[in-house]
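Before any comments, here is the structure.
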Amino acid sequence: MNRTVRRAMLASAVLLTLGLSSTAFAGGRPDAVISGLNAGRAHEANQLIIKFRDGASTVQRNAVRAGLRAVSQDTLRRGKRGGDTTLMRLPSGVNLQALVRRLSTNPAIEYAEPNWIYTHSASSNDPYYTNGSLWGMYGDATSPANQFGSQAGEAWAAGHTACNGVLVGVIDEGIYFNHPDLAANIWTNPYDPVDGVDNDGNGYVDDVRGWDFDGNSNNINSGGAGDDHGTHVAGTIGAVGGNGVGVAGVCWSGVKMISGRFLGRRGGTTANAIKAVDYFTDLKTRHGLNIVATNNSWGGGGFSQALQDAIGRANNAGILFVAAAGNSGANNDTTASYPSNYPNANIIAVAALASNGSLASYSQYGATTVDICAPGSAVNSTVPVSSKGSVVPGYASYSGTSMATPHVTGGVALYASSHPGASAADIKAAIMGTAVPTTSCNGKVVSNGRLNVSSF
Ligand SMILES: [Ca+2]
Ligand SMILES: [Ca+2]
Ligand SMILES: [Ca+2]
């Protein structure tokens, strides 16, 4: 036994006596590394990080390099007496698994491991996103081809996927609340369990997930497969993301959506719209719920002082009223569209973009009456579908300012979750202030731009 090898063995013995925890860690390493390689975890194909043992001689280290045919190296950290942590660049085509196994028995080496490639954990694995069908969630950094999306993907990549502690109202048709891509993000009313009694005294018996103002019942999905519009809207705000299924909403989790169903088969009335708006205002004030916005992908009819007053009450309670600009292609500055045209400060009126960045041909606009553009055409989201006589979960692509609006509402929820205490005015200012200047929106909306939630 020559001196070099003996010294290496001594170094090894010292290491093993440092403590059980250190031994357990070192002992667990090679197998874990190799199983990671087997599992195909992303790593640089021709690189290894090698930590030489303290006391490893120059001869030993050079021998390792020569044996690996390493062509270059970086020193990541200088160690004691040659115990450097080194990045080895290897010839292409090497079998890293075999190398790691072999090097783990080399007395000069404390450990050898792959140069793993890390990605943000928050990269949606939802098929409609990964196959490029969810253009409204992308942005210039996540997909240059889909730069006109809401840039939710950028917010997710920065680690913000959950809208914890935030509630939003969906004033629309009902919500197919059992949809597996929605169920986790549907509110359950803790103050009024289903027992035939209006436990919380708000005038609605067992409003466990919201209320159907059209049918005057607690069943928020009474319309079967045809009751799909609100479900589609809900999926854009808060379809469960990262579950490997279907679509992802702007908020993957944390957000709780409450249904204010007032649109039925024949549409909805002003009277029921007022009840729905006031329902959320009351819920917020009655229970102290953090309801930050209602989504209003609907419109029509003439001016209503009563509805405007209800929106004013929502404003007083700090609830934003995000509203679709309408689908007739008209200029709302010259022909008022309600409810988006009401002058209330808490309204955010939304125009629709197509994926190529053009203002959708149907989208209403208004330099002073519509606030912002957002993805609206060919938006994939959750729907109920009819199959063999029953309603089953599905997905569908719809277009409209109805689809643009929930991108903004999702952005409101995302911002509110990372800025607790932000007022409705603060949130609206953030939505408007971060809009990306966009040619097709210039002079067409107040912000002259499109939704950008990347920094939320
Ligand atoms: Ca109740
Ligand atoms: Ca009850
Ligand atoms: Ca999903």
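Note that the numbers count up from 1, one per residue, in the order the chain is shown.
Note that Cβ sites are derived from N, Cα and C of the backbone, with glycine treated the same way.
Caution: TrEMBL annotation is automatic and unverified by curators.
As annotated by TrEMBL, active site, charge relay system applies to Asp172, His229, Ser402. Under the heading domain 'Fervidolysin-like N-terminal prodomain', TrEMBL lists 39-115. Residues or ranges marked as domain 'Peptidase S8/S53' in TrEMBL: 164-438. Annotation source TrEMBL lists signal peptide at 1-26.
Within 10 Å of the Cβ of Asp172 (active site, charge relay system) there are 28 other Cβ atoms, across all protein chains. Counting in whole angstrom, His229 (active site, charge relay system) lies 7 from Asp172 (active site, charge relay system) by their C-alpha atoms. The Cβ of Ser402 (active site, charge relay system) lies under 8 Å from the Cβ of His229, His232, Val233, Ser297, Trp298, Ala324, Asn327, Gly376, each of these being in the same chain and 6 or more residues away along the sequence. DSSP assigns Asp172 (active site, charge relay system) to a strand. Under DSSP, the residues of the domain 'Fervidolysin-like N-terminal prodomain' (39-115) split into helix, strand and coil as follows: 22 helix, 28 strand, 27 coil.
The Cβ of His229 (active site, charge relay system) has 22 other Cβ atoms within 10 Å, all protein chains considered. Averaged across the domain 'Fervidolysin-like N-terminal prodomain' (39-115), pLDDT for the predicted model comes to 85.
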